[in-house]
Amino acid sequence: MAAPNVAVVGAGLVGLSTALCIAETCPSCSVTVLSDQFSPNTMSDVAAGILIPHTYPGTPIHVQKQWLKETFTYLFAISNSAEASEAGIHLVSGWQVFKNTPKEELPFWSDVVLGFRPMSKAELQKFPQHRFGQAFTTLKCDCPPYLLWLEKRLKATGVQMYTRKVADLWELHSEYNIVVNCAGIGAHQLVGDEKLFPVRGQVLQVHAPWVKNFIRDGDGLTYIYPGIHRVTLGGTREKESWSLSPDPGTTKDIFDRCCSLEPSLRGAQDIMVKVGLRPSRWCVRLQREVLSQGGVKLPVVHNYGHGAGGFSVHRGTAKEAARLVRECIAALQGSTSKAKL
């Protein structure tokens, strides 16, 4: 069999990472990324990009932890390299605070991030409305630079990228041997996944260079994440809302909530508002499928539905998707050699 042609549909964080993993682990493949949107116009460009995991109820914890570890190891290496600034990746320390002590004082990811410990009484004095907290160091990524860095890496490995709206995966069967679906929220329409739903997120990006530490309320709704150039303030989690229009009332609410955690933010300048839709499911869809029409078969690998936790696990799920692509290639080569017999 000639070098397999692989199409990756979607050019957000998951699509680009998956394409890169395939190109790195299947050098015999010809990989093409197809998407109707590239950075800075993807949903991933809105993401806060901090490595604090979101839990998927339908995915075993040991699997989630493996994805997280692989992602942390990968990003940590970049943060310690000369490419850290270009890729927008840096370490950030801070606090996750709770009004009431959580049932789980030690989350499953506590030994993956760095220096995880309970907050001291002295630290908690900064947050008079909160009774318990966790301090740790994790990785923060400025998403637009990271996506551009991934695109640059893809071009260097010979991956082609084309702006193309794919309405049906089957339309690719005559050009590609394997299709990888990383369409994110677009998979709702692309493959009719009714289990996939949007969780609308509105965030503010402000200029507040004095804010150096992240602060996250344990409910996950209010957070302050300092990036290299701007600080991301959030947020919202509105299930089943497809609206991409910023809401002025929500902007005020987010700003007030963040200022109650960090009063110095009242002096923040140059507020930008962004809205994205998190592609949410009970679990990430990471599996092989074979589409078939009139005796013709098209192997498909799905990798989407990362919801609010995409950044924390993107490299781990990309590696798994690349492994599934290798399984598809082996199956195709097996059927080709059988056909020759």
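Placed from the backbone N, Cα and C atoms, the Cβ positions cover glycine too.
Residues or ranges marked as FAD binding site in TrEMBL: VAL166. According to TrEMBL, the feature D-dopa binding site maps to TYR223, ARG278. Per TrEMBL, the feature domain 'FAD dependent oxidoreductase' maps to 6-324. Per TrEMBL, signal peptide is recorded for 1-19.
All features noted in TrEMBL, drawn onto the structure.
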residue: VAL166; record: FAD binding site; Cβ contacts under 8 Å, 6 or more apart: VAL9, LEU34, ASP36, LEU172, ALA183, LEU190
residue: TYR223; record: D-dopa binding site; Cβ contacts under 8 Å, 6 or more apart: ALA48, ILE50, PHE214, ILE215, ARG216, ASP217, THR232, LEU233, GLY234, GLY235, CYS258
residue: ARG278; record: D-dopa binding site; Cβ contacts under 8 Å, 6 or more apart: MET43, ILE185, PRO198, VAL199, ARG200, GLY201, ARG237, HIS306, GLY307, ALA308, GLY310
Across the domain 'FAD dependent oxidoreductase' (6-324), average pLDDT on the 0 to 100 scale: 97
